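Heads up, the thing below is written out as structure tokens.
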């Protein structure tokens, strides 16, 4: 059985048969990239979300909720309208469309990440790659935006999109969130919700979906203060890293403590390292084995348009290899700067100094005597525009005047003599900055699948069961009368009701032999079966059977809730 056993196929059957998850819209033939969660799957999914939510709250992050549908302006500002695209190629004969980079990789075994549409078209022509569906000729590669487009109301001019990430809902609310945080950096805001990506040809089951759940945190911080105050608590935690250099030289992974990773320059600072450790701890708490987790640094051509550095927490799958489950992206001030520019809103934070500082500032204004006749009524407006410039913009203006002797503002050519330029000293108590952002971004659906895959276990005697982390089991306890006869059934049902009231996810089952029932609950990962047998009416004890060892202990009826809490939750 071991050699022929296909874990993926068995798991797909198990998920459908026992109520974990299955492809959506089955009765209409299904639709790729969409999955429904059944009763058991939805329970595990909620438990994953709960673990992540509780970890975020322990870090002091705030939770919000924002709409899935987002006006187009938001995604123009964020760069998604322009940049959130994948290369696509269409068959000239049958019209089937494929993701071009994936098709080339699957056909030739070469990585074309970062190559242009023209370069991929050339590769397809040179290697005579044909349509996988019909063998027809493929057209030129072009780009396809992955956002689902819609409209707000009955008006075609109010274009909107289903959000491809939850993050933008946080960024556009920054002013209110900063006020809630009392203008004090750093602070973190998260939300857990749906995101949508119109994948070209989603395959691999739950690994690549068009609708999926995310848990994203945006941590706003001062880029000049990147030492995490609690780093000492995690500095000895080990991380398995796969940095860019090792990927390019095929050197494999390295294992370092968080402190070593920072000192050796693999991780940019303790702030970044702290949250990488947080991600690892959450995955472990969900039940992902530590030896199946690594952190891979994305190559520059892989990174999203907003990222200066990204490390992915990847989990190993027997079917799919290393699968990205969580990303930690350094988004710099990209998003807030873009939204400031597009909306005109002030998304800065005032940073107060411990002591006032004397700083040199440029004071630039128009020489009204010189420009008055030239600019006439526009002189006042252009002067106000110059006064509103940042220090950086003023220095750039002066630099250009010094180098070229002139500058054009609103169509007017102005010389150096048209300006009054002074450098003055000022006492300042603080400065306005645009916060930078570090983003831990969790998928929920991939960890769900990988938790099940890594939990699926075959004993030496051929027993197949889910060795899922006990507090992650979709059914925590099964109460089983040995036979369906009084008084065993009444005692069993009363215990079942008691456990329900104590908050356990518990079932009562009296159908089939006790052996079949044990197998039934082993298969779905139920950690403990409580059996009411013929000894129970005599001495008031029951057996608690362990899923993994199949060992049984006898416990008094009144002690069952306490004992189960201890066994399942460690309390």
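Counting begins at 1 with the first residue displayed.
The backbone N, Cα and C atoms fix where each Cβ goes, and this holds for glycine too.
Taken from Swiss-Prot, the feature substrate binding site applies to 99, 165, 212, 213, 214, 215, 216, 439, 440, 441, 442, 443, supported by sequence analysis. The ATP binding site annotation in Swiss-Prot covers 197-199, 207-212, 324-325, 443-446 and is backed by sequence analysis.
Set side by side, the binding-site residues 99, 210, 446 differ in how many other CB atoms lie within 10 angstroms of their CB, and the most is found at 446. With the fewest other Cβ atoms inside 10 Å of its Cβ, the least crowded of the binding-site residues 325, 444 in this structure is 444. In this view, residue 212 (substrate binding site) is surrounded by 18 other Cβ atoms within 10 Å of its Cβ, with every protein chain counted.
Here residue 199 (ATP binding site) is compared against the binding-site residues 99, 212, 214, 216, 440, and the shortest C-alpha distance is to 99. Of all the binding-site residues listed (199, 216), 199 has the fewest other CB atoms within 10 A of its CB.
In this structure the alpha carbons, written CA, of residue 212 (substrate binding site) and residue 444 (ATP binding site) are 8 Å apart. If you compare Cα positions, residue 216 (substrate binding site) sits closest to 325 out of the binding-site residues 208, 210, 325. Residues near residue 442 (substrate binding site) in space but far in sequence (CB under 8 A, at least 6 apart, same chain), listed by position: 52, 214, 215, 216, 279, 282, 325, 326.
For the pair formed by residue 99 (substrate binding site) and residue 444 (ATP binding site), distance between Cα atoms is given as 24 Å, rounded to the nearest Å. Note: the CA-CA distance between residue 446 (ATP binding site) and residue 440 (substrate binding site) rounds to 15 Å. Taking CA atoms as the reference points, residue 440 (substrate binding site) and residue 208 (ATP binding site) are 19 Å apart. Proximity of residue 208 (ATP binding site) to non-local residues of its own chain (separation of 6 or more, Cβ distance below 8 Å) is seen for 33, 199, 202, given in sequence order.
For the recorded site, residue 446 (ATP binding site), the DSSP three-state label reads helix. Figure note: comparing Cβ neighbours within 10 Å for the binding-site residues 197, 214, 440, the maximum is reached by 440.
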